[in-house]
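Engineer: Take this structure, written in structure tokens, and hold onto it; I'll ask about it next.
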Amino acid sequence: MNFSRDFVFGTATSSYQIEGAHNEGGRTPSIWDTFCATPGKVYEQHNGDNACDHYHRFEEDIQTLKKLGVDAYRFSIAWPRIFPEKGRYNPEGMAFYKNLAKRLREEGIKPAVTLYHWDLPMWAHEEGGWISRESVEWFKDYARTCFTELDSLVDSWITHNEPWCAGFLGYHQGVHAPGHTNMEEAVKAVHHMLLSHGEAVSMLKTEFSSSTPIGITLNLSPIYAKSDSANDQLAANNADGYSNRWFLDPVFKGTYPADMMNLFSKYVHSYDFIKEGDMETISVPCDFFGINYYSRAIVEFSAAQDFMSKGAFSDYEKTGMGWDIAPDEFKDLIIRLRNEYTDLPIYITENGAAYDDEVVNGKVHDVLRTRYIEQHIQAVSDLNDLGMNIQGYYLWSLLDNFEWSFGYDKRFGMIYVDFDTQERIWKDSAYRYAEIIKQREASLQIGS
Ligand code: PNW
């Protein structure tokens with residue numbers, strides 16, 4: 001492995017997944033609190049009420065970050081802590097993040113901050129949520145407040161995390177909050193999220209004349225057809241359109257893909273929610289591109305599945321989520337992005353794996369996760385040898401946490417969390433990650 005001195009090794013979390021303290025500091029509910037309270041939505045009706053209690057234990061967690069030796073820590077801000085009601089700013093909520101960012105800096109860790117990692121305030125949802133174009137204005141107010149209070153403490157801004165999940169899992173597939181199953185709503189919600197991204201990027205650069213790098217994070221998955229048949233090829237094209245191009249094209253080319261607009265028009269009765277100038281706003285130049293990579297997909301044609309192609313069997317080894325372990329396909333993905341979309345610096349803002357970890361004599365020998373991480377960091381190194389300009393890697397996740405509809409059943413952390421006692425236990429993967437980070441420094445001292 002070969003990493004330059006300024007390559008960023010980090011780890012990532014998000015507010016609702018780790019903070020807990022759901023009714024403290026003036027926070028009001030988000031759509032995820034409501035979704036969790038709805039029977040049948042989340043595994044054993046788990047919720048983020050307490051999660052990792054990070055809100056009270058952030059000092060301990062910062063010490064863990066320090067011991068890991070990470071350069072950067074990616075966390076998100078809970079919007080309902082900042083604006084618990086429409087138009088009412090809550091300085092107490094902001095104080096938590098100010099302090100967190102300040103303490104990270106004091107410890108030499110760069111804060112990389114995500115504005116939206118899915119916890120939309122309930123008040124905003126009740127006024128139409130992302131389906132309403134007004135959401136763009138609410139998000140701008142929220143972003144402006146965060147920029148005003150935190151820009152001097154933050155090393156990079158991420159406007160949105162994975163609008164595919166927030167939009168399509170939340171409003172089309174119904175498996176994430178707010179649990180709607182309406183494709184027209186989903187396409188509108190995505191449009192407004194992307195618009196709010198563009199608006200926030202422009203705001204930071206013009207209103208704030210800030211030089212803090214800002215970008216968006218997309219979850220991307222390379223898609224392969226099960227066979228050469230024309231039908232399977234079409235299925236792969238459509239799956240790629242739904243998962244990847246519906247986001248890449250507007251952000252980098254200022255257009256939605258025409259083939260997908262056409263397919264979606266069976267559900268989307270009118271595209272007149274796309275106003276003049278919107279596509280220019282969405283495609284405003286950013287400073288970097290964030291990618292969350294977990295797996296690839298193989299699809300086959302199925303008439304019943306419409307544009308959502310059917311997942312096909314694969315004999316690849318799987319993680320605890322049942323996701324194929326595919327570091328080579330990760331390379332395909334990045335090379336494609338370089339060829340077809342962008343020269344911007346890339347950050348892998350999430351990569352990791354869930355497994356059923358077991359504590360034995362106070363230790364967690366997570367051999368499979370450790371190997372997953374090594375393989376993907378090796379892939380990043382290989383990609384950089386090919387000149388792909390990946391500037392950082394954030395491991396998902398620092399801690400076992402609330403894994404959305406899977407509740408606490410899926411553990412993604414390199415640090416094990418006992419959710420009864422809140423004890424944190426280093427898994428072998430955490431020791432290995434610390435070693436990888438350290439070795440990079442050691443080899444550089446010799447080489448330079
Ligand atoms: C991402 N899928 O979510 C999120 O950014 C994290 O909050 C999450 O914990 C992590 O990945 C692990 O899942 C995803 O269904 C959720 O394809 C679902 C999917 C992809 C990403």
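The chain as shown is numbered from 1 upward.
Cβ coordinates are placed from backbone N, Cα and C, and glycine is handled just like the others.
Automatic prediction, not curation, is the source of TrEMBL annotations.
Marked as active site, proton donor by TrEMBL: Glu162. Taken from TrEMBL, the feature active site, nucleophile applies to Glu350. Taken from TrEMBL, the feature substrate binding site applies to Gln17, His117, Asn161, Tyr294, Trp396, Glu403, Trp404.
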Engineer: Where among the binding-site residues Gln17, Asn161 do you find the Cβ with the fewest other Cβ atoms within 10 Å?
Structural biologist: Asn161
Engineer: Fill in the CA-CA distance, Asn161 (substrate binding site) to Glu350 (active site, nucleophile), as an integer in Å.
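Structural biologist: With the alpha carbons as reference points, the distance is 10 Å.
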Engineer: Run through the Cβ atoms and count how many others sit within 10 Å of the one on Tyr294 (substrate binding site).
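Structural biologist: Within a 10 Å radius of the Cβ of Tyr294 (substrate binding site) lie 23 other Cβ atoms.
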Engineer: List every residue in the same chain as Glu403 (substrate binding site), at least 6 positions away in sequence, whose Cβ is under 8 Å from its Cβ.
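Structural biologist: Residues satisfying the criterion: Gln17, Ala354, Asp409, Lys410, Arg411, Phe412.
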Engineer: How many Å separate the Cα atoms of Glu162 (active site, proton donor) and the residue listed as 'active site, nucleophile'?
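Structural biologist: Given the Cα positions, Glu162 (active site, proton donor) is 10 Å from the residue listed as 'active site, nucleophile'.
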Engineer: Considering all pairs of residues in Gln17, His117, Asn161, Tyr294, Trp396, Glu403, Trp404, annotated in the record as contacting substrate, what is the maximal C-alpha distance expressed in whole angstrom?
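Structural biologist: Between the most distant Cα atoms of the substrate site, 18 Å.
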Engineer: If you take the centroid of the Cβ atoms of Gln17, His117, Asn161, Tyr294, Trp396, Glu403, Trp404, the listed substrate site, which other residues of that chain have their Cβ within 8 Å of it?
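Structural biologist: Counting only non-site residues, the set is Ser14, Glu162, Glu350, Ser397, Asn401, Phe412.
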Engineer: I'd like the number of other C-beta atoms within 10 A of the C-beta of the residue listed as 'active site, nucleophile', please.
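Structural biologist: The answer is 25 other Cβ atoms.
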Engineer: In sequence order, which same-chain residues at least six apart have a C-beta under 8 angstroms from Trp396 (substrate binding site)?
Structural biologist: Thr11, Ala12, Asn292, Glu350, Asn351, Gly352, Phe412
